[in-house]
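According to TrEMBL, the feature transmembrane segment maps to 9-30. Look at TrEMBL and you will find 32-94 tagged as domain 'SH3b'. Residues or ranges marked as domain 'MurNAc-LAA' by TrEMBL: 167-277.
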């Protein structure tokens with residue numbers, strides 16, 4: 001045997017290396033585009049949309065073969081060879097959901113108004129609106145993400161995003177809703193106060209979205225002025241449900257006392273979460 005091995009060492013080595021190489025390639029090909037579900041349960045659908053028919057669930061540990069991706073949704077092949085669609089971000093998510101609600105299958109764009117050299121309105125003490133819109137949007141993001149929402153932020157730092165770009169960002173990410181955050185200002189200081197939810201389109205879900213979120217905001221120390229039509233570019237140019245929230249008058253000493261408090265902005269974030277949950281139960 002030793003003589004045989006010595007005599008055929010090179011051919012045997014080549015065969016062994018080739019066999020190992022073939023095994024590795026086969027293993028890679030078999031596992032290419034394979035994902036293992038990390039969440040306890042993810043709904044699967046007949047099509048690439050949260051509104052398409054729910055045909056079941058995949059559970060933690062299930063191995064899925066990704067066939068293709070379309071608009072943030074993945075077509076996957078299950079172990080039983082059946083195919084289905086589910087949100088890409090849930091397929092990749094490792095952190096457990098706080099709860100499985102319809103929000104988990106949504107993409108929400110949050111727009112922190114102004115930024116950079118566009119300071120927005122000023123408080124009576126010279127504080128910039130842009131500072132508080134960003135603080136608020138970040139708190140809303142942090143409230144939504146534990147529920148699996150795919151959150152898109154137009155900005156996360158102090159820079160300007162031009163108004164005409166904002167609706168395009170929402171469209172490019174196939175958002176299910178867009179929310180712009182602002183703080184109002186009256187022509188003269190301390191002549192107005194309150195928060196308002198603005199919509200432009202009545203028939204694409206924007207009015208209902210504004211109503212659902214504003215309906216949660218009556219617990220705030222700043223009075224609600226209700227839901228109103230607003231001719232703002234960021235909501236006018238959106239074809240998807242889009243609203244603009246004015247979360248108090250920044251040049252009202254009464255309102256600004258709360259605007260600058262983290263607890264007030266957190267309460268806004270909590271109310272936006274509840275409003276979105278309410279809206280997506282029926283939309």
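Cβ from N, Cα, C; glycine included.
The helix, strand and coil residue counts that DSSP assigns across the domain 'MurNAc-LAA' (167-277) are 45 helix, 27 strand, 39 coil.
Helix, strand and coil counts under DSSP for the domain 'SH3b' (32-94) come to 5 helix, 32 strand, 26 coil. On the 0 to 100 pLDDT scale, the domain 'SH3b' (32-94) averages 95 in this prediction.
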